[in-house]
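Asker: The structure that follows is given in the form of structure tokens.
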Amino acid sequence: SKLAALFEHPLYNIPIPEVTEKDKLFIVNPMEKFSLHSSGSDEWVSSSKAETLLPTGKTAYDTYPTWLKFHVGINRYELYPRRDPLLPTLLQDLATQRIISSVQKSGGTQLKLIMTFPNYGQALFKPMKQTRDQETPIDFFYFSDFERHNAEIAAFHLDRILDFRRIPPVSGRLVNITKEIRDITTDKKLAKTFFISPAGNVCFYGECSYYCSTEHALCGKPDRLEGSMAALLPDKTLAKRRSWRSPWRRSYHKSKKAEWELNPNYCAQVRETPPYDRGHRLLDLIDMTILDFLMGNMDRHHYETFEKFGNDTFLLHLDNGRGFGTHSRDEPSILAPLQQCCSIKKSTYLRLQLLATQPYRLSDLLREALAADPLAPVLAEPHLRALDRRLGKVLAAVGHCLAR
């Protein structure tokens, strides 16, 4: 396994700083036990008398469902650890746990559902909108592109291979529209949008600002539909997140250009503006830029951080559905922050160099990682090959900076 060899490499074993109590997202009471009600009501109950209830040798933490262990493990430095023993179980849960509720997520330009499991775990479901081999038409603006379920799955694995670990775990899943959405939804607006197509397939379209209409309906075969299931982050009432507008945000206008596209010295003013004037925030943003360039994602207008950790923490790489839309062309403008600032983390640069070598070829690693997903093959081969070409361009951009 190339993937196993990669994670054994010294560059993937650089220790993170010691995690103190203030570096953890949640401080957990070690005596707090969660157990499933035996009444069949499928609810988690909490008991502070854990010592009298726990089987010998078990800690209260052992009683937590996997999604809760994932939330408890989040700290200032990483969303989940490199060698996370929970990851396979969490991905398995996302792919197989019984769905007991499906409601539409409010906001956004395209339809997304929040699905709930019997153990109170929740996932964000993005349905399949186009096939693996369809490319985004060249006349499409980036902001009118479809969100792709397979891009969400591939982005999670790519982010992990780059050792950023800033995207919540995502698994592919085949959902039964009738039993797992229509029959159990309590969302009246969503319920009104189901219909049977002329071909006899079950379809629905929900309510949203762009692609929610009969012309853009999502249809099963006859009621089976592919989608991505992403583990939800802790509720914002428990762990506040701050949304930051990217300094290299595009104009989202058909003819206007953003300031960074017109001013070659744009980075100098970014470096003087908080929070980019100190710490590693700018370097983290450049990491995100590299991830986006490799995926071909032009739609990174905002990013988020956990408010508790202030400026000294990682950026969350959420919403990656507009990646992997084209493999036949690259979008150099995505790399503007790297090219204009000529800065990159040394650890990121060394890992990128490693991923350009034969034993650790990036396309091979992602292919191997995606082979275990329930919806494999997740990406068409040309997308995997494009990664190696794009990685070469990132390294060339760093080379130009070094020459300067």
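Cβ from N, Cα, C; glycine included.
Owing to the predicted nature of the structure, the values given are computational and were not obtained by experimental measurement.
According to TrEMBL, the protein carries these features:
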- Asp299: active site (ACT_SITE)
- Gln110, Lys126, Glu147, Ala230, Ala231, Leu232, Leu233, Glu304, Asp319: ATP binding site (BINDING)
- Glu147, Asp319: Mn(2+) binding site (BINDING)
- 194-403: domain 'FAM20 C-terminal' (DOMAIN)
Asker: Measuring Cα to Cα, how many angstrom lie between Gln110 (ATP binding site) and Asp299 (active site)?
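Answerer: Cα of Gln110 (ATP binding site) to Cα of Asp299 (active site) measures 14 Å after rounding.
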Asker: Round to the nearest Å and give the CA-to-CA distance linking Asp319 (ATP binding site) with the residue listed as 'active site'.
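Answerer: Roughly 9 Å, rounded to the nearest whole number.
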Asker: Let me know how many other Cβ atoms fall within 10 Å of the Cβ of Glu147 (ATP binding site).
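Answerer: The Cβ of Glu147 (ATP binding site) has 24 Cβ neighbours within 10 Å.
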Asker: Using only the Cα atoms of Gln110, Lys126, Glu147, Ala230, Ala231, Leu232, Leu233, Glu304, Asp319, which the record gives as binding ATP, return the largest interatomic distance in Å, rounded to a whole number.
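Answerer: Maximum Cα-Cα distance: 20 Å.
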Asker: Would you find the one among the recorded positions Asp299, Asp319 whose Cβ has the most company, meaning other Cβ atoms within 10 Å?
Answerer: Asp319
Asker: Counting only other Cβ atoms and using a 10 Å cut-off, which of the binding-site residues Ala231, Leu233 scores lowest?
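Answerer: Comparing Cβ neighbours within 10 Å for the binding-site residues Ala231, Leu233, Leu233 has the fewest.
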Asker: Tell me the Cα distance separating the residue listed as 'active site' from Ala231 (ATP binding site), rounded to the nearest angstrom.
Answerer: 21
